[in-house]
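This report concerns only the one structure given below.
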């Protein structure tokens, strides 16, 4: 439940961040709300609140500046772009207009004459009978025109009695609704916005709140992550005795419990990590060593994070097979519980399964689905992530096993999850995405997947119904996300798939010939 205090905080964040939103169209925030432990779902919901408030603030401010209360969202962005400088004002903008004509007489010719007088060029013109009562025609006109002239044209058309309505379509840069998302792995440099709800300097309930030395240590490690850029070597952290002791305490507990309660995929990779000397008592694994290990097995890599990332930024990283991981360690007075993810949670909870091909692909598909998704869909994706990657269970030979990182790195909730106390439901993304979560106590409900393959198949069918009007795919050769919204792009992809199918068919034929 949102309190007046949290709403006020949201308003304050909206005011503070409106310039960032208007210029960069960022959907991330830098302020959080109180809670006891990390919740990607609440992160997403809070982001949605701030986005709405920020957007409203931007629109109202622009309408006041232009003295026009009727400006639409697209027109506000157009006005802001034109106001940047003289060059931006006279820059030619391609835009689409939908005009609703009350009668088909000479109205259209007068409109086209106005476009000509304002030195605009008509690129496309289409008409159709209008379904709007009192209107005869709907006209779609695409034109090239200076931004300042385009705004003048819109004001002129709205004053015309021959028109029942004028709509500026989102096209090219006149677009307030399209979510920015990273297109290349280097763009993740812009996906490091934090939720500061658990910072030891801000949260009195944080075990490190009164520990000045611990707060300084956290700040030091956070600054290392903030300085990291795409292509840099992952920085080495010299962990101190307290941090190593905390790791060892948790590691011993995990070694005792997980062979019985973790899924087979987790235990298989955990053993590999022990065999390679990455997982051992008395030494916290370095992110570089773990990243190299993941890259060899599934192509995933790690990137240092300064703290709790916002939901949209965190999920976007998964699309590039990049996991943003913290490097700091929980406070030594609370080795078996942390209100926020630390490197122990990430290393012991997430990393082993990211080295499993099937689970890695599932994680990437959640990330790809988040790119360009609406705020409401980010909330649903975050909820699915919460009940799978963080707190998921799966069947293994008729026995329920854990694969969620929140379970694999927290022995109390792990034992609760595999007991008879909670309710278990089959994993179905459509219903899972709407299930209220629990971030104060242990989960009362867990979702059980038949297998990772079954979970992936159900997830794909669910994602296909999302509102995004295009598909995206990750090209591992270029480290780019490609938007599949053109015939040329689809033909190129089909050519690649045809080549892959040819290789597969040749392999099958050779195996058959061998028999």
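Quick reminder: no glycine exception, Cβ is built from N, Cα and C everywhere.
In TrEMBL this protein carries:
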type    : residues      : note
DOMAIN  : 166-512       : domain 'Biopterin-dependent aromatic amino acid hydroxylase family profile'
BINDING : 345, 350, 390 : Fe cation binding site
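Summary of the Fe cation site environment: with the site residues 345, 350, 390 set aside, the chain residues having Cβ atoms within 8 Å of the Cβ mean position are 341, 346, 349, 389, 404, 405, 406, 408, 409. Annotation: 350 carries the greatest number of neighbouring Cβ atoms among the binding-site residues 345, 350 [cut-off 10 Å, Cβ to Cβ].
Regional average pLDDT for the domain 'Biopterin-dependent aromatic amino acid hydroxylase family profile' (166-512) in the model is 87. In the structure as shown, the Cβ atom of residue 390 (Fe cation binding site) sits within 10 Å of 24 other Cβ atoms.
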